[in-house]
Amino acid sequence: MAAPEEPELSQAQTEKLLQFQDLTGLESMDQCRRTLEQHNWNIEAAVQDRLNEQEGVPSVFNPPPSRPLQVNTADHRVYSYIVSRPQPRGLLGWSYYLIMLPFRFTYYTLLDIFRFALRFIRPDPRGRVTDPVGDVVSFIHSFEEKYGRSHPVFYQGTYSQALNDAKRELRYLLVYLHGEDHQDTDEFCRSTLCTEEVVTFLNTRMLFWACSTSKPEGYRVSQALRENTYPFLAMIMLKGRKMTVVGRLEGLIQPEDFINQLTFIMDANQTHLMSERLEREERNQTQVLRQQQDEAYLASLLADQEKDRKKREEQEQRRQEEEKVRQSALAEERRRRTLEEEKERKSECLPPEPPADDPESVKIVFKLPNDTRVERRFLFGQSLTVIYDFLFSLKESPEKFQIVTNFPRRVLPCLPTEEQPNPPTLKEAGLSRSEVLFVQDLTDD
């Protein structure tokens, strides 16, 4: 029995799938899809869970193995720096510590029991993220109201967007999780995070993303990074083509120590970042070279197409000219045949030539344009049209012509017109018994 086919992805799901693969560096599209489906296509939660797995923490969708999880320290080595709270000093300090210890233990025990019981009554609202950007912006506003505006530049976007920008720009990303109820949070924010040297260091060396764990977005990130105490900071960078946590700072840390620890983490991973930059530069150069080759190929292709177009146009123009010449030759041939047929018809229709001793006959000598002479007799009573038809039937005569007397010079009206539909006879035209007439060529006209 064949396995059921997986449903087709929507356009939004396809975009999330490609973005998740780009952020995590996973090559298997099936694994990317299974991970996103496990997180109900929540890309931020999926990315955080993937980072969680890279640190050696089991995924929330996979139960922990029966034996300790083996971590590849060569690929997933995470530098961790934890600042413990100072021990009480002197008799007075120990006395205060011992007196407050039962109260503190009772308070936190009851608080944990209350929170645990509250989960069965009302689910934790932080588990449902509806407006991650709003959570970040709200935290920034509350932070500025409490600690002022002199602070590092907060990244105003979601955790996933910060990861994406850090990967695209090849920069370090420092993540700060703000625990509002922790006793060291206020001192860290005032004495360390908002000092001038820390602000300058963070603003010039890395991206800085922060959110309160009381907000759904911050709580979701805390579930992925698994902090032990507050203040908590995680350094993330692109390593091995994946966004990887390379350093963790936990506890109340002083400004100088804070900068030194971050510098140590950055120096320890600088070779990886340089390698990623060189690899990306090579990819960009390869892409630019490929683009230049494509552009050169396209330009060559366009040039060849233009050359072919001009060649086709020239061939078409020659074909049209040849066709025009052929049609002109055919037309000329048809005109010539029509003219010959007309000449033959005129010749057949001519009346017979009268004898020389006929008293009504007229002898006419015609001088043609080619200097040849033609002689023929006609009758006085015949129309001038007969003279014209006779000349027209001759092969030597032009296609169009007129008959002109020599002296006085005048054109004989041999053809009918609107004013004179019936041309005159030879006698009416004033011709004598012997005449010399000139044939004038009108073909060019």
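Keep in mind that glycine also has a Cβ here, set from the backbone N, Cα and C atoms.
TrEMBL lists 303-361 with the feature region 'Disordered'.
What TrEMBL records for 304-348 is compositional bias 'Basic and acidic residues'. Helix, strand and coil counts under DSSP for the compositional bias 'Basic and acidic residues' (304-348) come to 45 helix, 0 strand, 0 coil.
Residues or ranges marked as domain 'UBX' in TrEMBL: 357-439. Taken residue by residue, the domain 'UBX' (357-439) breaks down under DSSP into 10 helix, 29 strand, 44 coil.
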Surrounding residues of the compositional bias 'Basic and acidic residues' (304-348) on its own chain - C-beta under 8 Å, 6+ positions past either end:
389-390, 392-395, 399
